[in-house]
Ligand code: NAP
């Protein structure tokens, strides 16, 4: 059975920053893919907006090159490519000026979904939101989509929220965290709330701890200057890891409805306990012979910015009291892996001989590579010679399990189509973003006040020694980064 593609409603999507990296590398190739599978209605239009001096023909020529590079398989189909390019237009607007806005407003069709995607610097969100409204390009039903970073602290996040609300209501605002567009992340909700099997075990009585890891093998090459102002805590923990933690820890919502789901996520963030200095490790990778290390790549020999964070987080509520969540993320680690590992407690009474290196039951939810779920079970080791136990994995790699049904779609594709359908479930709400900053700010402020250097770790390793100790001292250990 091939997956059912449900066409989206007809739309006009205005893409601000259409000539930029994200638009050319992710957003437009993603839309092309949706077009190819028949999800983008034939009449739907994409209107690119930027300052670059060109007309629609020039923009299509630029886009054709990007599609050849970032959607090569479908771009080979010339007829398909030409039909897609015909749905793309370009309008030259400097959003800081007054010109072009009236043309934009005139160009949009009534009675179709109208979405404005802001793939531009957050410093332009306010001016775009208010001009869309004052030039009557937006309506009460239009949607506005924004990208991370959503602020660099609570104050700036509040200011951005206020900027967006100049022209749009919360129900019209879609804040993208592409982690939420990943199939496995959504599957976490299906797994928890569509099965009777797991939810009775999903609490501190049965779960010893949870490990959330987002490990990257690349460093900050090429992005050093931007990253150096941010660091792992702002770039990864406050948003992506926090979202994964929320979906793992939240209470079952009363219904699968955007606000019901997001209400539960906010409650988790509000229940997070303060993280003490002994429960957190910051690291910074070093290269060899003063080459390839963070300092060289960031271009600042004195930088104190962390490229790695590991921490123990407590959730102060009835379900999770006594079950720590360990978060870990870093660059230039020994492998690239994103996963949530839910580690269960041992049986209360063991009737079998002690098993060496027993790790116990765990559910591993893999986001990348090879999205899927693994269940680690203990069984009898086959064969004669006494009753010995062994650990085996029940493995479900989605690409294998759902081979015939799979319509592989990138996280961006899924999220853009959710915008068109008007489904905010997988987008962060303003209060959620602010709550996450309110939790992260004191941690970052304490680091800044301490003036301490992050702990160095070797590029290609598993991170700083102290990060290993964070678990070792409590009789636990991190899963290997493959
Ligand atoms: P970028 O390559 O610098 O592109 C910025 C875009 O904004 C360009 O199309 C630029 O076009 C346009 N622009 C700038 N000033 C403008 C103005 N006054 N009026 C109209 N258009 C203007 O940036 P990017 O990497 O694509 O990132 C876009 C946003 O996504 C940023 O907020 C970034 O933080 C976020 N983001 C990016 C990535 C990524 O992988 N790139 C990932 C996550 C989030 P002209 O120069 O032609 O005007």
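We count from 1, first residue shown onward.
Every residue gets a Cβ built from N, Cα and C, even glycine.
Note: TrEMBL annotation is automatic and uncurated.
A quick note: this is a predicted structure, and the numbers were derived from the prediction, not measured.
Substrate binding, as stated in TrEMBL, involves 178, 182, 235, 331; the candidate among 216, 306, 356 given for that site is 216.
In the three-state DSSP classification, residue 331 (substrate binding site) falls within coil. When the recorded positions 182, 235, 240 are compared by Cα distance to residue 51 (NADP(+) binding site), the shortest distance belongs to 235.
Taking the C-alpha positions, the distance from residue 235 (substrate binding site) to residue 148 (NADP(+) binding site) comes to 9 Å. Only 95, of the recorded positions 95, 178, 235, 240, 331, place a Cβ under 6 Å from an atom of ligand 1. Neighbours of residue 178 (substrate binding site) among the binding-site residues 94, 95, 148, defined as a Cα within 10 Å of its Cα, are 148. Here residue 216 (substrate binding site) is compared against the recorded positions 94, 95, 148, 240, and the shortest C-alpha distance is to 240. The Cβ of 94 has fewer other Cβ atoms within 10 Å than any other of the binding-site residues 94, 216, 235.
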